[in-house]
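> Quick one: the structure is below, and I'll ask about it shortly.
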């Protein structure tokens, strides 16, 4: 197999990608009374007087829209999004810098009760993020009841913490409103959920220390208010990262995530949950990027499903992934995909360490909250 160069930092070309979401973010910031900073300014030019900066941890149950919100707030596609639960496995950083503020967002895996070592590592990411946060942004949706929150320890931590806590109630566009008096929920669901006032009251009773902001991450509704509230809660601080920083993840990571996203959208049942994607080669040749990847799955029986008849299914997935990668990187992509079996990788500490879910000792750092 050909050897490829090490990871490179995200290029300026990638930062210019996905112009439409970026324009939307710019509009949201202006609505919130926030202006973007000049990316050519040095940190010393900005000065620390009146400047605010801090870490915002986005946490919540699976499938409430955390990654959609993350991408909307950052204005770039830094987190993969699918309709399936537990799509996010890593802690993803995204940075937004304005004239007098810098927000370092962390999108985290959905909170759950771990069933194997992989999920233990995912929950360690959540606790690590909570421990580092200057502001906690808890995300829920109109369907979730606070009594059903998956991890009581994390919930009690938020109840007792003195750190600023903002609660974003997502998917309120599904409820009845002036534009859609009937809403987009069935009769039974609407009776169970109640009104927006009912939803807010339930969460306010459970988390009296939280500032609650109803939003729709998909429709960009009320994100200007959320952005303004986050800025107000940031501590006084100089910028934590250079002004042009978008994320701390290398290109190789995003390549593997975009391929893994296609596994979630192309296969059903346990198949995508049993798979991990490893990018074994990444070579930027100017106009072309050559990517070698391996899909690891836990069972021999999954291999023919992943490959399909005469390789048809894997070819279909590869085509979708390649088009997405070309859109993401702004270059032509040569993509090679292989399928291998690695039994019990989700519980093997060596494998989990190699895939970036745990340290060599079997735990992530700073997991206490």
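Note: Cβ is positioned from N, Cα and C throughout, glycine not excepted.
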> TrEMBL lists region 'G1' for one of the ranges 44-51, 52-59, 60-67; which is that range?
60-67
> Using TrEMBL as the reference, determine which range in 103-106, 107-110, 111-114 is annotated region 'G3'.
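Spelled out, TrEMBL records region 'G3' over residues 107-110, not the other listed ranges.
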> Select from 86-90, 91-95, 96-100 the stretch of residues annotated by TrEMBL as region 'G2'.
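Feature region 'G2' in TrEMBL: residues 86-90.
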> Pick from 158-161, 162-165, 166-169, 170-173: which range has region 'G4' per TrEMBL?
170-173
> Find the member of 86-90, 107-110, 170-173 that has more C-beta pairs under 8 Å to the region 'G1' (60-67) than any other listed stretch.
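By Cβ pairs under 8 Å, 107-110 leads among 86-90, 107-110, 170-173.
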> Could you give the mean pLDDT over the region 'G4' (170-173), rounded to a whole number?
94
> By DSSP, what is the split of the region 'G2' (86-90) into helix, strand and coil residues?
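Grouping H, G, I as helix and E, B as strand yields 0 helix, 0 strand, 5 coil.
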